[in-house]
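Engineer: Found this in Swiss-Prot, in case it helps:
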type	residues	note
ACT_SITE	Asp13	active site, nucleophile
BINDING	Asp13, Asp15, Asp208	Mg(2+) 1 binding site
ACT_SITE	Asp15	active site, proton donor/acceptor
BINDING	Arg22, Arg124, Arg135, Arg142, Ser180, Asp182	alpha-D-mannose 1-phosphate binding site
BINDING	Tyr220, Thr225	Mg(2+) 2 binding site
Amino acid sequence: MAARKPGLIALFDVDGTLTAPRKEVTPEMLKFMKELRKVVTVGVVGGSDLVKISEQLGKTVTTDYDYCFSENGLVAHKDGKLIGTQSLKSFLGDEKLKEFINFTLHYIADLDIPIKRGTFIEFRSGMLNVSPIGRNCSQEERDEFEKYDKVHKIRQTMVSVLREKFAHLNLTFSIGGQISFDVFPQGWDKTYCLRYLEEFNEIHFFGDKTYKGGNDHEIYESERTAGHTVTSPEDTVKQCSDLFLGKDNGSS
């Protein structure tokens, strides 16, 4: 077996890269990642919290990979141990948070959209997730809202209003998924995790939303990474096989 290459890490987005969108990882992908880890250091970085990432990648996610970065790296694990945390609450303070949440809830209350459900704001340790329809809508309602939003630009308009109103807080607004958008301080995108990877001089990042506005864009564009756009978990396997495993290393 080839020794692991020092100074090199393969870093993966979760949703759409290691798993199909919002689905669990396949046994085939887990097996492939285990093989890959024999030749390179491997890390995962997802925008979701550790609970949601564990639902997709499995409960042993923090030990299955050398690095596990949840909430874009605001919660960081190395070799199964917590090595760093940052929180929105300690960064902004309760007064500013309350001001933002109150305004947002008033805005949603006045929104005239076909249906509303519940959980309009989800408070995570590193970000707020805002959903005009409410996160506990059904999959069917989620699909319908996505279509409605494409025409009526509900989220885009709301983000414009919030961006202007709270310009003094230096927040980033990232529209993703079907029904919501994320709100976090500038610089708290996936590049945040790179501060834990100073020992690596070659960082290969793999993600599917690498276009401008996508939540993989900043880390893909970073001068510290070699960015790779993937179209599916199968494409991830193919690109990594070509890059790291080669023909003579394909079996163990």
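Here the Cβ of each residue, glycine as well, is placed from N, Cα and C on the backbone.
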Engineer: In Å, rounded, how far does the Cα of Thr225 (Mg(2+) 2 binding site) sit from the Cα of Asp13 (active site, nucleophile)?
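Structural biologist: On Cα coordinates alone, these residues lie 13 Å apart.
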Engineer: When DSSP states are folded down to helix, strand and coil, where does Asp13 (active site, nucleophile) land?
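Structural biologist: SS state of Asp13 (active site, nucleophile) = coil.
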Engineer: Largest pairwise Cα distance, Å, within the listed alpha-D-mannose 1-phosphate binders Arg22, Arg124, Arg135, Arg142, Ser180, Asp182?
Structural biologist: 21
Engineer: Rounded to the nearest angstrom, how far is the Cα of Asp15 (Mg(2+) 1 binding site) from the Cα of Arg124 (alpha-D-mannose 1-phosphate binding site)?
Structural biologist: 18
Engineer: Anything within 10 Å of Asp15 (Mg(2+) 1 binding site)? Look among the binding-site residues Arg135, Arg142, Ser180, Asp182, Tyr220, comparing CA atoms, and list what you find.
Structural biologist: none
Engineer: Taking the Cα of Asp208 (Mg(2+) 1 binding site) as the centre, which of the recorded positions listed as Asp13, Arg22, Arg135, Ser180 lie within 10 Å of it?
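Structural biologist: So the list reads Asp13.
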Engineer: Checking the binding-site residues Arg22, Arg135, Arg142, Ser180, Asp182, which are within 10 Å of Tyr220 (Mg(2+) 2 binding site) at the Cα level?
Structural biologist: none
Engineer: Which site among Arg22, Arg124, Arg142 has the most other CB atoms no more than 10 Å from its CB, taking these as binding-site residues?
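Structural biologist: Max Cβ neighbours within 10 Å, all protein chains included: Arg124.
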Engineer: Compute the mean position of the Cβ atoms of Asp13, Asp15, Asp208, which form the recorded Mg(2+) 1 site, and then list in sequence order the other residues of that chain whose Cβ is within 8 Å of it.
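Structural biologist: Same chain, not in Asp13, Asp15, Asp208, Cβ within 8 Å: Val14, Gly16, Thr17, Leu18, Pro21, Gly46, Gly207, Lys209, Asp216, Val230.
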